[in-house]
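**Student:** For reference, the structure I am asking about is given below.
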Amino acid sequence: MDRNLARAVADKQPVPEIDFTLHVMEDGTQVSTLERVVKEVQAPALNKPSDDQFWDPEEPTKPNLQFLKQHFYREGRLTEDQALWIIQAGTQILKSEPNLLEMDAPITVCGDVHGQYYDLMKLFEVGGDPAETRYLFLGDYVDRGYFSIECVLYLWALKIWYPNTLWLLRGNHECRHLTDYFTFKLECKHKYSERIYEACIESFCALPLAAVMNKQFLCIHGGLSPELHTLEDIKSIDRFREPPTHGLMCDILWADPLEDFGQEKTGDYFIHNSVRGCSYFFSYPAACAFLEKNNLLSVIRAHEAQDAGYRMYRKTRTTGFPSVMTIFSAPNYLDVYNNKAAVLKYENNVMNIRQFNCTPHPYWLPNFMDVFTWSLPFVGEKITDMLIAILNTCSKEELEDETPSTISPAEPSPPMPMDTVDTESTEFKRRAIKNKILAIGRLSRVFQVLREESERVTELKTAAGGRLPAGTLMLGAEGIKQAITNFEDARKVDLQNERLPPSHDEVVRRSEEERRIALDRAQHEADNDTGLATVARRISMKIPSTTRR
């Protein structure tokens, strides 16, 4: 045998050298591990800009717009002082503006952006260079999308450059309550700090509430209010605060036209907005009465996703012009709506709608989680399942062969006083093995709860159960696309996220209660898993008896 061993060692083949700089893909393609596989996608900008890069070379008191545009496009971040300067400088300009802006045509009107920075860049391609084009944005720059702070910083930088040709109104998401509930606060803390978030909240309170365009159109984010009789009512609002949950300021940000606008079955001008959980639905007669009283042509608003990016409502009897128009400028909203976006260009008394589609963008896991936080519950559940499968070494016949036991198979053995325990005894070892196996079963159920929570952490949730169909997120983007097939499906599924959210304390309370119920259910299922209990008992009984000498 020694001779064979020596011969095997002498004839041992050398370990082949592996070139780890090359990787063979599933289709046989060789790619370099030292380069980006998808070369047309730029690498993220890892370095924060110097002051020379940040400030414009020709206007050293203003940020370099071209640099910011490309830097944000590559997911770059600014220093905290640079970001804070943009927000605070923009805030000072916004504070100087009245509640009700007035501007003339030509102008391009834009709806919700919702943190879709890459689509915002497409918007400027379609609408025109801000250096040469007048813009009015109707609010909702943040939340839901994962590039909200980039949208704020770039739009505020544009406001610094073009204070008299680019205007920003407030949307219902520009407030502390919604940004805390959705994604913007988390995004600010992840990419910058809470200091940047607080500066943004202060700036949001300075945003004007409405605009009159060309003395013909009232432009607002939400809609009309029973407290809005004349334009003077808007001028008297104290806007420098968190929006209230009722009243004129709330309605300007939250109200919607009735779903059957123009074909109402009620004579009421305003009814409670059951979809939003606050404010009102306003009717066609209410819109016509307001327009006629204020000598206006139409109300231009945003606030609602539209399949085509816009919607023209019923025309008024006196002017033949749409009484209300909705503009929505976030294409493929939440990456599942499959909607077009639109901007409204008004020039020489001619109104044109320009539509555009979504632009590819980098992917973020829900709530800015890293891959380990996201995947650990999935991995943990599978590992514990594998461990239970390994422990289950008994045949079907063995499991059916009941072993006498004085303790219920569904319950772990009760602890024994340590001063009376013989740790070398067979009974002690059997109890320990049995309890450990049952603990693994409970751990498996806990990981299942955590995995379900990970699946549920998505911006698009079903009204039934608060999440997409089980397993959808494990299937990736294709699974989501199959679950949500069209715009109307997505809109119905997402209705609960269009409501005024509950308070922070209520959200925490509900979350803790849901987790407690889920963990109790997991504990109950584990304790009543007769198969696992039988395996635990059978394995523990295989420990040989020990005899004392």
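Even glycines carry a Cβ here, placed using N, Cα and C.
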**Student:** Which one of 399-421, 491-513 shows up in Swiss-Prot as region 'Disordered'?
**Tutor:** 399-421
**Student:** Please pick, from ASP140, ASP251, ASP335, the residue that Swiss-Prot records in the Zn(2+) site together with ASN172, HIS221, HIS303.
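**Tutor:** For the Zn(2+) site that includes ASN172, HIS221, HIS303, Swiss-Prot also lists ASP140.
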**Student:** Which one is it: of the binding-site residues ASP112, ASP140, which Cβ has the fewest other Cβ atoms within 10 Å in this structure?
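**Tutor:** Per-residue Cβ counts within 10 Å for the binding-site residues ASP112, ASP140 bottom out at ASP140.
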**Student:** Roughly how many angstrom lie between the C-alpha atoms of HIS173 (active site, proton donor) and ASP112 (Fe cation binding site)?
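**Tutor:** Pair distance, Cα basis, whole Å: 10 Å.
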**Student:** If the Fe cation site is taken as the center of the Cβ atoms of ASP112, HIS114, ASP140, which further residues of that chain fall within 8 Å of it by their Cβ?
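**Tutor:** Going along the sequence, the neighbours come out as GLY111, VAL113, GLY115, GLY139, TYR141, VAL142, ASP143, ARG144, GLY171, HIS173, ALA302, PHE328, SER329, ALA330.
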**Student:** What kind of secondary structure is ASP112 (Fe cation binding site) part of, going by DSSP in three states?
**Tutor:** strand
**Student:** Taking the Cα atoms as reference points, how far is HIS221 (Zn(2+) binding site) from ASP140 (Fe cation binding site) in Å?
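**Tutor:** About 8 Å separates the two Cα atoms.
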**Student:** How long is the line from the C-alpha of HIS303 (Zn(2+) binding site) to the C-alpha of ASP140 (Fe cation binding site), rounded to the nearest angstrom?
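**Tutor:** It is 8 Å, counting Cα to Cα.
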**Student:** Going by Cα-Cα distance, pick out whichever of the binding-site residues ASP112, HIS114, ASP140 is nearest to ASN172 (Zn(2+) binding site).
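**Tutor:** Result: the closest of the binding-site residues to ASN172 (Zn(2+) binding site) is ASP140.
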**Student:** Using a 10 Å cut-off, grab the number of neighbouring Cβ atoms around the Cβ of HIS114 (Fe cation binding site), all chains included.
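**Tutor:** There are 28 of them.
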